[in-house]
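Participant: Take this structure, written in structure tokens, and hold onto it; I'll ask about it next.
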Amino acid sequence: MEPASLLPSIIFAGLVRVMLMLYGLWHDANFTVKYTDVDYYVFTDAASHVIHGESPYSRATYRYTPLLAWALAPNIYVHPCFGKVIFIVCDILAAVLIHKILRSQSCSAQSSVFCAQLWLFNPITITVSTRGNAESVMSVLVLIALHYFTKNTTLQSLVVASVTYAISVHVKIFPATYAVAIYFYVNSKYFNHQPVFSVMPNRYRVLAGVIGATTFAVLTGLCYLMYGYEFLHETYLYHVIRQDTRHNFSAYFYLFYLLPDVSWLSAAVFVPQLFLILLSSYHFYEDLIFTCFINTFVFVTFNKVCTSQYFLWYLTILPLIVPYLHMSLKRVICLTSLWFLCQVLWLTPAYQLEFEGKDTFLFIWIASLVFFAVNVFIIGNIVQFYDFRPNVERKSREMSEIGTVIREIWQKRKHL
């Protein structure tokens with residue numbers, strides 16, 4: 001048995017989440033401002049439409065795959081909290097996957113447990129799942145795909161990874177930013193004896209591409225047959241053309257607020273995002289996990305719409321790179337503090353706008369620009385201090401400085 005077990009942390013973290021879910025029932029019944037996320041009510045209403053043979057898109061603002069509405073049908077005929085339980089289970093499962101991935105790369109038991117705890121006891125992840133947001137489902141899908149892509153060189157792993165990855169893209173489009181890196185990585189993984197970079201297809205790339213494309217096409221095609229263009233628009237196209245000028249951390253939001261009718265602007269803001277993702281995919285593809293983290297962080301930071309739930313997309317992968325960051329604990333604390341303080345800076349004028357009716361758009365935009373600059377600074381620091389090596393060499397890495405700190409913290413805790 002491993003000297004460091006994740007089980008006690010899982011039990012405690014699960015109890016915390018269940019208690020918060022139960023608290024949410026009381027809070028919702030006694031306060032005007034609800035604990036439950038508004039999206040959860042949207043999910044439940046969409047599930048009700050599905051049960052009665054109607055389209056989930058009959059519910060205004062439901063802009064997700066029909067699979068989610070079908071999965072949450074028990075919200076109607078079992079209990080309204082059924083979906084929250086599913087999201088909490090996925091939240092816990094994400095921590096198990098983080099631990100499993102790190103152990104498969106020969107990361108120490110102590111560091112693997114600690115990194116899983118970073119997820120289990122992150123207040124953002126706890127709040128998101130217990131309020132009824134479905135992001136933990138995406139976390140599980142992404143982590144399963146990464147686990148099987150990096151696990152070993154068997155065709156079975158490649159097939160499972162490709163299928164899971166395709167499902168994740170069907171559910172939400174942001175994992176599509178990993179596609180180029182995965183294409184390059186498959187060649188590096190199965191032909192690691194070839195030092196020459198190649199963009200040419202091979203049987204492994206073709207296999208992964210065909211399986212992934214087929215899975216995505218089948219799921220998307222079935223949904224299209226059932227709900228038509230409305231499904232495509234609400235699930236995918238809406239997010240491409242979406243412009244949110246109020247609940248938005250994006251540096252672009254004020255620009256869209258002032259120029260709402262400039263059609264080409266929406267497409268233009270994708271250019272820096274696309275360029276940086278392609279650049280990252282080319283330079284870092286041999287370390288797939290790190291590349292996916294950077295691509296996600298860049299996608300969220302440079303996106304024309306950025307809400308707090310988007311942060312969970314890169315926070316999912318963050319624990320997987322923590323043991324390999326040559327970054328002092330002091331620097332980690334400073335960067336983390338900056339990240340949270342910028343959100344407080346943004347939320348203050350946003351609250352005044354939403355609940356007090358004050359015209360604080362300019363202050364929100366300034367706060368968004370500061371948050372954007374801090375995120376770019378954090379990305380730069382992570383790239384600078386990350387111990388980059390191909391995944392095939394990852395098992396032979398020495399523990400980084402922060403990884404050593406993790407081990408020391410764990411050892412001190414055991415003697416308390």
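Every residue, even glycine, has its Cβ placed from backbone N, Cα and C.
Dumping what TrEMBL says about this protein:
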type	residues	note
TRANSMEM	7-26	transmembrane segment
TRANSMEM	76-98	transmembrane segment
TRANSMEM	162-186	transmembrane segment
TRANSMEM	206-229	transmembrane segment
TRANSMEM	249-272	transmembrane segment
TRANSMEM	284-302	transmembrane segment
TRANSMEM	308-325	transmembrane segment
TRANSMEM	363-386	transmembrane segment
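Tell me what's around each of these sites.
Facilitator: Nonlocal intrachain contacts for the transmembrane segment (7-26), taken as residues 6+ away from its ends with a CB within less than 8 angstroms of a stretch CB, comprise 35-36, 81, 84-85, 88, 91-92, 95-96, 113, 116-117, 120-121, 126-127, 129-132.
Listed by sequence, the residues of this chain that lie at least six past the ends of the transmembrane segment (162-186) yet keep a Cβ under 8 A from its Cβ atoms are 64-65, 67-68, 137-138, 141-142, 144-145, 148-149, 197, 199, 204-205, 207-209, 211-216, 219-220, 236, 239, 277-278, 280-282, 284-286, 288, 291-292, 295-296, 299-300, 313, 391.
Cβ atoms under 8 Å from those of the transmembrane segment (206-229) belong to residues 55-57, 65-67, 155, 158-159, 161-163, 165-167, 169-170, 182-183, 186, 235 of the same chain, restricted to positions at least 6 beyond its ends.
Note on the transmembrane segment (249-272): residues 240-241, 243, 302-308, 343, 346, 361-362, 364-365, 368-369, 371-372 of its chain, located 6 or more positions outside it, place their CB under 8 angstroms from a CB of the stretch.
Residues of the same chain lying 6 or more positions beyond the ends of the transmembrane segment (363-386) and with a Cβ under 8 Å from any Cβ of it are 248-251, 253-254, 290, 293-294, 297-298, 301, 321, 324-327, 331, 335, 338-339, 342-343, 345-346, 348-350, 353.
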Participant: Excluding the flanking five residues on each side, which residues at least 6 beyond the ends of the transmembrane segment (308-325) place their CB within less than 8 Å of a CB in that stretch?
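Facilitator: Residues packing against the transmembrane segment (308-325) from afar: 94, 98, 101-102, 107-108, 111-112, 115-116, 118-119, 122, 124-125, 128, 133, 135-136, 138-139, 142-143, 146, 174, 249, 289-290, 292-293, 296-297, 299-300, 332, 343, 382, 385-387, 394, 397, 399-403, 406.
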